[in-house]
Amino acid sequence: MNRGIPFRHLLLVLQLALLPAVTQGKKVVLGKKGDTVELTCNASQKKNTQFHWKNSNQIKILGIQGSFLTKGPSKLSDRADSRKSLWDQGCFSMIIKNLKIEDSDTYICEVENKKEEVELLVFGLTANSDTHLLEGQSLTLTLESPPGSSPSVKCRSPGGKNIQGGRTISVPQLERQDSGTWTCTVSQDQKTVEFKIDIVVLAFQKASSTVYKKEGEQVEFSFPLAFTLEKLTGSGELWWQAERASSSKSWITFDLKNKEVSVKRVTQDPKLQMGKKLPLHLTLPQALPQYAGSGNLTLALEAKTGKLHQEVNLVVMRAAQFQENLTCEVWGPTSPKLTLSLKLENKGATVSKQAKAVWVLNPEAGMWQCLLSDSGQVLLESNIKVVPTWPTPVQPMALIVLGGVAGLLLFTGLGIFFCVRCRHRRRQAERMSQIKRLLSEKKTCQCPHRFQKTCSPI
């Protein structure tokens, strides 16, 4: 009796000692669906020896017979292999290609009368829909995992956005910065496996852009895409809402086929010009106040639901002098924070306001600058020269004209003076002649009268 007790205790101790050894010998390996995994098995001696790989059902997968690799009747027979070049080093690993979720199992390596267990867990991460999505659409990632596993998933977008979840991860309202390679890490039993998923967000590089131009300048609108596709087919249109117009109108419609652009219809006023290749490019011959406003370019891609959008704004500046008034105006969508100012060159601003028009009465002569600024940064500038009322110095042509006018006035004055003088002399001569005649007549008349008086009888 007493001899049996120590024996039972010894047997129990041996069982307890053996159990942890089996657990410690079991390794966990994570694999990716469609990828290749290598399950290692090493002998204590670096030499070629007999080995066998089996699954949990004790079905032989592969092994060695003599110096040749043999395969069993398992489902992995056409996808399993071993590195023969490493057998002499005591390495008898099994390589499984094109992994499937159902390959998840416990695999047993028998070598040197010992067994090594490796638990393989295969995961797959896929996008539920196409990986080419329009901006604003939702992305859903689904994790495929073997039964009985409880993995966690953490994904990071190219823009630094972190998203965590279980077997399903949803990303609403994709943005253009989400385009690129997403890195997702699957964790299970303190082991990790990393997935790389390329997501293409179909969008323009900019959601909105503003073009600032002086009146009369040529305007260039550009709409570069934030993605590249080998075959790109679709159609587009530019709608424009001028600031002075009551409603918007279509300026141009076009087709896009294999990156070639062809215009379908264009307005006559204004008559836009469009480039024939990507990026989408429009030219407005002249920036005029009646064109200032905002537009919306839409692009519908073939086999895609929804459209790409980009807003574009045009701000036009005019600096003009009318009589004694110098005016600076802008048309188009501007922020209330923008400042419009008029200043004489190399001097401080004469007038500066958060308004769309400023003016100066009786401006000094010189070069004036009309400036549209945002927090000190000049967005648009137009120069206008103010000419003085009396130019200094007087130009030679002006001297000639003034001399001619003065000479003409002097000649006219002298002519009038001499004419008046001549006429006065002539009239004076006539009067003297008349007086002489009268005096002459009086003398001839007195003699007869005196004679008659003297000779008359008493």
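The backbone N, Cα and C atoms fix where each Cβ goes, and this holds for glycine too.
Features of the protein shown, as given by Swiss-Prot:
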type	residues	note
DOMAIN	126-203	domain 'Ig-like C2-type 1'
DOMAIN	318-374	domain 'Ig-like C2-type 3'
CARBOHYD	Asn42	N-linked glycosylation site
CARBOHYD	Asn296	N-linked glycosylation site
CARBOHYD	Asn325	N-linked glycosylation site
MOD_RES	Ser433	phosphoserine
MOD_RES	Ser440	phosphoserine
MOD_RES	Ser456	phosphoserine
SIGNAL	1-25	signal peptide
TOPO_DOM	26-396	topological domain 'Extracellular'
TOPO_DOM	419-458	topological domain 'Cytoplasmic'
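When each of the recorded positions Asn42, Asn296, Ser440 is scored by how many other Cβ atoms sit within 10 Å of its Cβ, Ser440 comes out lowest. A separation of roughly 95 Å, to the nearest angstrom, links the Cα atoms of Asn325 (N-linked glycosylation site) and Asn42 (N-linked glycosylation site). Straight-line distance linking the Cα atoms of Ser433 (phosphoserine) and Ser440 (phosphoserine), rounded to a whole number, equals 10 Å. According to its DSSP assignment, Asn42 (N-linked glycosylation site) is in a strand. In this structure, the CA atom of Asn42 (N-linked glycosylation site) is 66 Å away from the CA atom of Asn296 (N-linked glycosylation site). Other Cβ atoms within 10 Å of the Cβ of Ser433 (phosphoserine), summed over all protein chains shown, number 10.
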